[in-house]
Amino acid sequence: MEPNNVDGREIGRETAPGKGSNRVFSIEDGGTVARNSATEDEKTAAWKKFLKHLGPGFLVSLAYLDPGNLETDLQAGANHKYELLWVILIGLAFALIIQSLAANLGVTTGKHLAELCKAEYPMFVKYCLWLLAEAAVIAADIPEVIGTAFALNILFKIPVWAGVLMTGCSTLLLLGLQRFGVRKLELLVSVLVFILAGCYFGEMSYVKPPASEVMKGLFVPRLKGNGATADAIALLGALIMPHNLFLHSALVLSRKTPASVKGINSACRYFFIESGIALFVALLINIAVVSVSGTVCYANNLSSEEANQCGNLTLDSASFLLKNVLGKSSSIVYAIALLASGQSSAITGTYAGQYIMQGFLDLKMKRWLRNLMTRSIAITPSLIVSIIGGSSGAGRLIIIASMILSFELPFSLIPLLKFSSSRTKMGPHKNSIYIIIASWILGSGIIGINIYYLSTGFVGWIIHSSLPKAATVFIGMLVFPLMAAYIVSVIYLVFRKDKTITFIDTSNTTEIQLEKGMTHSNRDRENEAVPYREDLADIPLPE
């Protein structure tokens, strides 16, 4: 909080004994009046302060509405009706917790997650984490590339493989629109994305999925039927993206936070509220997509053609789900919204890749070059699969990319959980015991599911493989060590003790200085807002 001057009397801070909060007091008489006035000003300006913190959470939430989410939601509904809705609920509840932890980490330490990983881990581990984070950005970009290609195919009948090549041009278009202001661009893209949401909400009101079954799907965990575990992991991978943790911890550094316990706590609270609102909207949209897909594909009056489409549902064939609401125009509106979804998600991927590279390697790259490089790498597997397997192959690649993200999640999640719970990193702002327990239980559950699926899936493939016995043995000898390395790496990150101290407690020094009588200018310097990071000053968000 900034020091004030009321009627010529200097106002400073007082730290309550044994507590981290700061109170306003007067060196001369009239301290009570100053406190009351300050309290009224804080209440009046609370909504303005909240508005200043809007931005990072909503920008990050775009990643929860990307083509990868739509693809996995549609297939989950078509394959299992409402039975996997609980995965979305748990996934987005967990996403709210970890995204808030990422925001708190950036606000408190003044560094984002990639920078803290660089400072904490040995060189070999640091480079491994960097490569995995870069791979996560590329895996997240694959659905955006394919989703854009599907949209172009629906709108202009362009072959999917040609649409994949054309997505490189969308990078230049995106950068051109940024000249008019990224906030305006984000608003436009968000409106287009919510067109898709409105379509599915309208379709929900038409098909009327049974409320009791939807609620049962949300709150009763089930994994029945073939492929249920794989689809559940794909849903989690599409919802909780590793690069989002790096991104959120960096975006909050574009705000000027007062260098006091109260200022930091207020900023963390505002970012939590903002993230909660944004992710609640994302939750409703994901539930709507799954419910519509499940209701339409399990309807009694389903035609044979629609039944075939439900059996192999992809982004490019899903527009028939909306025909009850939009009729013949359903494919056009759906394609425009899908195009907007892919392009809006490209913003988050570009920024995340920039901060990952800057944090791990201290290497800054221009956004247009970073975006073009990431897209070029993502285009390669998408192009090969779309040429060989067509639309259905490209749709399966989205599911594979989501599963890759889920497998890579521990290598960003574990450092975040450890750093945000560490007094050496966060000081008095470290996680409470309840948050520590809840986050580690959820994190351990996801990691355990990944390891279980990885192990049982590969063993099952080995047993039922149709390859020659020599080839099967060779693949087993190659893959089993990789599986063991994966498990050992996770164990290493969990049990390794943090060694680097980034938090410096200055509360005692401040109290001593106040007791000795600081000058007004000294108090100004002590209480001034922490300047936002110079190297992150190009984040296109309002201060």
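The backbone N, Cα and C atoms fix where each Cβ goes, and this holds for glycine too.
Quick look at what TrEMBL annotates:
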- 1-23: region 'Disordered' (REGION)
- 84-107: transmembrane segment (TRANSMEM)
- 128-152: transmembrane segment (TRANSMEM)
- 158-175: transmembrane segment (TRANSMEM)
- 187-207: transmembrane segment (TRANSMEM)
- 227-247: transmembrane segment (TRANSMEM)
- 268-292: transmembrane segment (TRANSMEM)
- 332-352: transmembrane segment (TRANSMEM)
- 372-391: transmembrane segment (TRANSMEM)
- 397-419: transmembrane segment (TRANSMEM)
- 431-453: transmembrane segment (TRANSMEM)
- 473-495: transmembrane segment (TRANSMEM)
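Of the two recorded stretches, the transmembrane segment (431-453) lies close to the transmembrane segment (84-107), with three or more CB pairs under 8 Å once pairs fewer than 6 apart in sequence are set aside. Beyond its flanks by at least six residues, the transmembrane segment (372-391) meets 137-138, 141-142, 144-146, 149-150, 153, 160-161, 164-165, 167-168, 171, 314, 316-317, 346, 349-350, 353, 365, 397 of its own chain at Cβ-Cβ distances under 8 Å. Sequence-distant contacts of the transmembrane segment (227-247), counting only residues of its own chain at least 6 positions beyond either end whose CB sits under 8 Å from a CB of the stretch, comprise 60, 63-64, 66, 68-69, 71-73, 75-76, 79-80, 83-84, 87-88, 91-92, 94-95, 98-99, 102, 112-114, 132-133, 136-137, 140, 143, 286, 348-349, 351-353, 355-356, 359, 399, 401-409, 411-413, 416, 446, 449-450, 453, 457. Comparing 84-107, 268-292, 332-352 for CB pairs under 8 angstroms to the transmembrane segment (397-419), the maximum falls on 84-107. Same-chain neighbours of the transmembrane segment (84-107): 56-57, 60, 64, 73, 76, 113, 116, 214, 217-222, 228, 231-232, 235-236, 239-240, 244-246, 248-253, 255, 257, 264, 267-268, 271-272, 275-276, 279, 282-283, 286-287, 290-291, 413, 416-417, 419-420, 425-426, 429, 431, 435, 438-439, 442-443, 446, counting only residues six or more beyond its ends whose CB sits under 8 Å from a CB of the stretch.
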